[in-house]
Structure formats: C-alpha cells, structure tokens
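**Q** Shown below is the structure under consideration.
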Amino acid sequence: MTSTATSRVVCPGSFDPITHGHLDIIGRATRMFDEVVVSIGANSTKPSQMFTVEERLAMITEVCARWPQVRAVSFTGLLVDHCAEIGALGVVKGLRSATDFDYELPMAHLNRQMSGLETILLPTAQEWSAVSSTMVREISRFGGDISALVPPTVAEQVTARVRVEGQR
Ligand code: PNS
C-alpha cells in the first residue's frame, strides 16, 4: 500500500541573520522530510535585533530558493501551537556543542510534555560549529569579514545594516 502522507517539519529559530550553519541543517532536513518550514520565532532572551522579521523572511526565502520544499514563515506565541497549526510532526534543530545541548534539551522536554511535539537534534557540520548569528553581527560590527559565515546576499545586507548603524 502506498502512502500519500506528507512529512512536514519546522526548523525554528531567530535567524538574525540566517547563517551557513542554519542552511546546513535546513538542507539536511530536506533530505529526510517532504516539507521543511523555516519558522522565525521570538526568543525572549535575545532582545537585540539587527533585522526585522520581514527582512529575515525575505533573506531566508532568497537563500532557500534552491529547495522547492522549503518555505519561510514567522510565528508569535508558543512553538508547539505554531507546529500544531501547520501540521508539523516535529522540529529539527542544529547542535553545535554541549552548550547547545543544555539549552535545547529542556525546550525539547517541555515541548514534548506540552503537546507531544518531537524534537530532532542534528549535530552541525563541523565546519559550521563555531558559527552563530550573534557572532556574525558582532564580527561585522567590529569591521571583520563575515563572507565565510553567511551567503553573499546576507553578508551584503549585514554590512549595509552595520554601515547604517554607524551613521546613527
Ligand atoms: O535561534 P534561537 O534564538 O535559538 O531560537 C529559539 C526559538 C525562537 C526557536 C525559541 O525561543 C522558541 O521556540 N520560541 C517560541 C516560544 C516558545 O515556544 N517558548 C517555549 C519553549 S519550551
């Protein structure tokens, strides 16, 4: 018997901005699931932002255009409610280090406790294990080269934003 069921997962995050590390996880998720929804959520512990949600959505859509089964959305409120609304069977997140694991595990436990939502933690490719959006913003703000950490269009937009910030 053939099944027509679609496996849909969410790659959630702040994506401020999206990095090669995120893209590694999204790309690997496309090889395991039919649909990958990249969902921008609010992280209450990270108030400082470089890009608006609309700007992040546009960037993600552009750099994920190579994968027809990927779309970008934003959500407010709980991740479990967002996943229920769009019919996602679970979330896929990258693990760079033991620190990430300590941060992700309680969220995975709580999300499963609240709604049964599954969390799949994928070890990040080693080449991206030191890359974070926070470091991309910081390196760029101090004049460093971020071209190896993010796609060219993202690097251009970060550099332009840093220039505007410097004029304020
Ligand atoms: O890229 P980040 O900052 O690690 O992403 C964190 C994010 C946005 C995925 C996480 O903070 C989240 O799920 N926020 C939505 C609110 C929520 O569900 N909080 C309870 C988690 S147990």
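Yeah, the Cβs are placed from backbone N, Cα and C, and that goes for glycine too.
The following feature annotations were taken from TrEMBL:
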BINDING   Ser14, Lys46, Leu79, Lys93  substrate binding site
BINDING   Ser14, Phe15, His22, Gly94, Leu95, Arg96, Glu104, Trp128, Ser129, Ala130, Val131, Ser132, Ser133, Thr134  ATP binding site
DOMAIN    10-138  domain 'Cytidyltransferase-like'
SITE      His22  site 'Transition state stabilizer'
**Q** Distance between Ser133 (ATP binding site) and Leu79 (substrate binding site) at the Cα atoms, whole Å?
**A** 20
**Q** List the binding-site residues Ser14, Leu79, Lys93, Ser129 whose Cβ sits under 6 Å from any atom of ligand 1, in sequence order.
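**A** Those binding-site residues that pass the cut-off, since their Cβ is under 6 Å from ligand 1, are Ser14, Leu79.
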**Q** DSSP secondary structure for Val131 (ATP binding site), reduced to helix/strand/coil, please.
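**A** DSSP assigns Val131 (ATP binding site) to coil.
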**Q** For the domain 'Cytidyltransferase-like' (10-138), how many residues does DSSP put in helix, in strand and in coil?
**A** 57 helix, 27 strand, 45 coil
**Q** Expressed to the nearest Å, what is the distance separating Ser129 (ATP binding site) and Lys93 (substrate binding site) at their Cα atoms?
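**A** On Cα coordinates alone, these residues lie 13 Å apart.
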**Q** Which one is it: of the binding-site residues His22, Leu95, Glu104, Val131, whose Cα lies the shortest distance from the Cα of Leu79 (substrate binding site)?
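**A** Closest recorded candidate to Leu79 (substrate binding site) by Cα: Glu104.
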**Q** Could you measure between Lys93 (substrate binding site) and Glu104 (ATP binding site) for me? Cα positions, answer in whole angstrom.
**A** 8
**Q** So around the substrate site, Ser14, Lys46, Leu79, Lys93 aside, which residues have their CB within 8 A of the centroid of those CB atoms?
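**A** Nearby residues not in the site list: Pro12, Gly13, Gly41, Asn43.
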**Q** Let's check the environment of Leu95 (ATP binding site): how many other CB atoms sit within 10 Å of its CB?
**A** 17
**Q** Name the one residue among His22, Glu104, Val131 whose Cα is closest in three-dimensional space to that of Ser14 (substrate binding site); these are the binding-site residues.
**A** His22
**Q** Return the residues near Val131 (ATP binding site), defined as same-chain residues 6+ apart in sequence whose C-beta is under 8 angstroms from its C-beta, sorted by sequence, else 'none'.
**A** Thr19, His20, Gly21, Arg96, Leu149
**Q** Counting Cβ atoms within 10 Å across all protein chains shown, which of the binding-site residues Ser14, Ser129, Ser133 comes out on top?
**A** Ser133
**Q** Just to confirm: which same-chain residues, 6+ apart in sequence, have a Cβ under 8 Å from the Cβ of Glu104 (ATP binding site)?
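**A** Long-range Cβ contacts: Lys93, Leu95, Thr119, Leu121.
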**Q** Sequence gap of 6 or more, Cβ distance under 8 Å: name the residues on the same chain that satisfy this around Lys46 (substrate binding site), in order along the sequence.
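**A** Residues satisfying the criterion: Ser14, Asp16, Thr134.
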